[in-house]
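Colleague: Feature table excerpt (TrEMBL):
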type	residues	note
DOMAIN	39-461	domain 'Major facilitator superfamily (MFS) profile'
TRANSMEM	36-55	transmembrane segment
TRANSMEM	75-98	transmembrane segment
TRANSMEM	110-129	transmembrane segment
TRANSMEM	135-153	transmembrane segment
TRANSMEM	165-187	transmembrane segment
TRANSMEM	193-215	transmembrane segment
TRANSMEM	276-300	transmembrane segment
TRANSMEM	312-332	transmembrane segment
TRANSMEM	339-363	transmembrane segment
TRANSMEM	369-395	transmembrane segment
TRANSMEM	407-427	transmembrane segment
TRANSMEM	433-453	transmembrane segment
Amino acid sequence: MRGRQRVASRDYIIGHGKEENSASVRLPNAKPWRRSLRHVVVASLSSFLYGYHIGVVNETLESISEDLDFSGNTMAEGLVVSTCLGGAFVGSLFSGWIADGVGRKRSFQLCALPMIIGAGMSATANSLWGMLLGRLFVGTGMGLGPPVAALYVAEVSPPAVRGTFGALTQIATCLGLMGSFFIGIPAKEIVGWWRICFWVSIIPAGVLALCMEISAESPHWLFKRGRTIEAEAEFEKLLGGVNVKSAMADLSKSDRGDESSSVKLSELLCGCHARVMFIGSVLFALQQLSGINAVFYFSSTVFESFGVPSDLANMSVGVCNLLGSIVAMILMDKLGRKVLLMGSFFGMAVAMGLQVLAASSFAAGSGAMYLSVGGMLLFVLSFALGAGPVPCLVMSEMLPGKIRAKAMAICLAAHWVINFFVGLLFLRLLEQIGAQLLYSIFGSFCLIAVAFVKKYILETKGKSLQEIEIALLAQEAS
C-alpha cells in the first residue's frame, strides 16, 4: 500500500506542472471518463441484478404458483413479488450507514452476498414459505445496491459525463429486466424451469463481488475519512495523474474529516437538511405512485387479458425501456435533468390517459387492445426517458456530501415502501375498483410529479458536487 501511495504522489506532483500550462484543455484531452467508465460498468452490475430480480417472477409466477401449490391465490402471488420489496426496504434503510461505515466497494460486495444466498434459496424452495424467505434475502441486496450505485457513480464520474454514466445504471436495469424475460420464456413449457431462472442470477452477483475487489474506492469517501493520500491514488486511477490536482482542489472545498458519523437522524428529518430530504422522499414516492412497477410486475397479466402473448408483451416492454434509457443517456448532459424529468412524467400521464380510454365504454375489441398496449408501451418509454434514471442521479447530486449516503438511504426507503404496497395491492385493486379508476389515479400522480419537479428540483447538469451544494445553500438562504 505504501508503494502505491508513493506512485500516486509522484504522478500527482507531475500533474501539477502540466496543469498550470494547460488547465483549460486538460480534461477534454485527457478524457478522464475513459478511466472511470470501467469502474461505473462494474458498479452497474448491481443495477442489472436489481432489474433481473424485479422481472424474474413476471414470466415464472404462474409456474411457481402451480409447483408450490398456491395457484389462483392472488394474495400469495402478490406476496412473492412484494416480500422481495419488503427486504429491499430494510436493505435500503441501512444502506447509508453501511456505505459510510465500510466504504462503497465493500457495500457492493455485501449487496451481492444476500442475492447469492436468496437466489439459491428461491431456486430450491419446495413451499411458498421457502420462496418468500429466499425473496426476502434477495430483497435486502436489491435495497442496498441502488443507493450505493447512485452514490458511487456521482462520486467517481467527471462532472461533464456524470449524467451519461448515471443513465448507464438504468440501462443495466433494463438489460436485467430483458434478461429475466428471455430466460423465463420456457417456464410455461418446461417443468421446473423457473428454478433455473433463479440459479442464473448467481453468476452476475458473483462477478460483481469479485470485480469490485479491483475497482476504485470513492475518493469522496476516503477524503471524508481523512485518508487524503489514498483519495489521490483513487483519483489517479479514475481520472489520470494530470487531473488529480484539480479534483483534490474541488474536493477540498468541502470540510475534511469523518463528519458523516456525527449526523443524527433527527437532523436529517427535522434540521437544516429537512427541505432536501423532503424533496428526495417525495420525488421517489411519486416515481412509484406513477404505477411503473405495476407495469413491470404484472404486464403479462394485463396483456394476456387482451389476448396478447405474454412473451411478446414482455419483450416489447423491455425494448421500449432499453430504447428510452439509451436516449436518456444521450440527452442527460445536453438537455439536463429537470427537462427530462418533466417531459417524462408528462408523457406517462398521457399514456395513462390512453389506458383509461381503453378501459372505458368508448373503446371495445381491437380498439381497446391497441389503446391499452400502445398506452403501456408509451408509459414505459416515457418512464425510461427521465423518471427512471434521473431521480437517483439528481438526488445523489443534490444531497450534501456530509449526509449523502444516509439521506439517500432514507429517501429510497420511501421508494421501497410505496413499491411494496403497489406490488402487493395492484391485482386486488384492479379487481375491486377497476382499471379505469386505478389508471386515473396513476395518471394524476404523474401530473402532480410534473408540478413538483418544476418547483423543487435544481438543475445539476455539468456542475461539480461542491458547486451544487453551494447553489442549494444559496437557494435555501434566499
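Here the Cβ of each residue, glycine as well, is placed from N, Cα and C on the backbone.
Show me how these features fit into the shown structure, please.
Modeller: This prediction places the mean pLDDT of the domain 'Major facilitator superfamily (MFS) profile' (39-461) at 85.
Distant neighbours of the transmembrane segment (36-55): 84, 108, 111-112, 115, 138-139, 141-142, 145-146, 148-149, 152-153, 156-158, 165, 168-181, 184, 201, 204-205, 207-208, 211-212, 215-216, 237-239, 293, 296-297, 314, 318; these residues of the same chain sit at least 6 beyond its ends, with a Cβ under 8 Å from one of its Cβ atoms.
Within its own chain, the transmembrane segment (110-129) has Cβ neighbours under 8 Å at 46, 49, 53, 68-70, 76, 79-80, 87, 91, 98, 102, 135-142, 144-145, 148, 195-196, 198-199, 201-202, 205-206, 208-209, 212, counting only residues six or more beyond its boundaries.
Residues 33, 36-37, 40-41, 43-45, 47-56, 58-60, 62-63, 146, 149-150, 153-154, 157, 193-194, 196-197, 200, 296, 311, 314-315, 317-319, 321-322, 325-326, 328-329, 332, 384, 388-390, 392-393, 396 of the same chain sit 6 or more residues outside the transmembrane segment (165-187) yet have a Cβ under 8 Å from a Cβ within it.
Residues 55, 58-59, 163-164, 166-168, 170-171, 173-175, 177-178, 181-182, 184, 295-296, 299-300, 302-304, 340, 373, 376-377, 380-386, 388-390, 393, 461 of the same chain, all 6+ positions outside the transmembrane segment (312-332), place their C-beta atoms under 8 angstroms from a C-beta of that stretch.
A Cβ distance under 8 Å defines the sequence-distant neighbours of the transmembrane segment (339-363), meaning residues of its chain 6+ beyond its ends; these are 286, 290-292, 328, 331-332, 369, 371-372, 374-376, 378-379, 381-383, 385-388, 390-391, 394, 434-436, 439-440, 442-444, 446-447, 449-450, 453-454, 457.
Long-range Cβ contacts of the transmembrane segment (433-453) within its own chain (Cβ-Cβ under 8 Å, at least 6 residues beyond either end) map to 282-283, 286-287, 289-291, 294, 338, 341-342, 345-346, 348-349, 352-353, 355-356, 358-360, 387, 426.
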Colleague: Can you say which of 135-153, 193-215, 276-300, 407-427 has the most Cβ pairs under 8 Å with the transmembrane segment (75-98)?
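Modeller: Most Cβ pairs under 8 Å with the transmembrane segment (75-98) come from 135-153.
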Colleague: Check for me, if you would, whether the transmembrane segment (276-300) reaches the transmembrane segment (135-153) - at least 3 Cβ pairs under 8 Å, residues 6 or more apart in sequence.
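Modeller: In this chain the transmembrane segment (276-300) does not contact the transmembrane segment (135-153) - fewer than 3 Cβ pairs sit under 8 Å.
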Colleague: I need to check the long-range neighbours of the transmembrane segment (193-215): which residues 6 or more away from its ends have a CB within less than 8 Å of a CB in the stretch?
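Modeller: Hits for the transmembrane segment (193-215): 38-39, 42-43, 45-46, 48-49, 52-53, 56, 60, 63-64, 67, 105, 108-109, 111-113, 115-116, 119-120, 122-124, 134, 141, 180, 183-184, 186-187.
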Colleague: Apart from its near flanks, which chain residues at least 6 from the ends of the transmembrane segment (369-395) lie with a Cβ under 8 angstroms of it?
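Modeller: Result: 146-147, 149-150, 153-154, 162-163, 166-167, 169-170, 173-174, 279-280, 283-284, 287, 290-292, 295, 299, 302-303, 306-308, 313, 316-317, 320-325, 327-329, 331-332, 337, 340-348, 350-355, 357-359, 363, 408, 411-412, 449, 457-458, 460.
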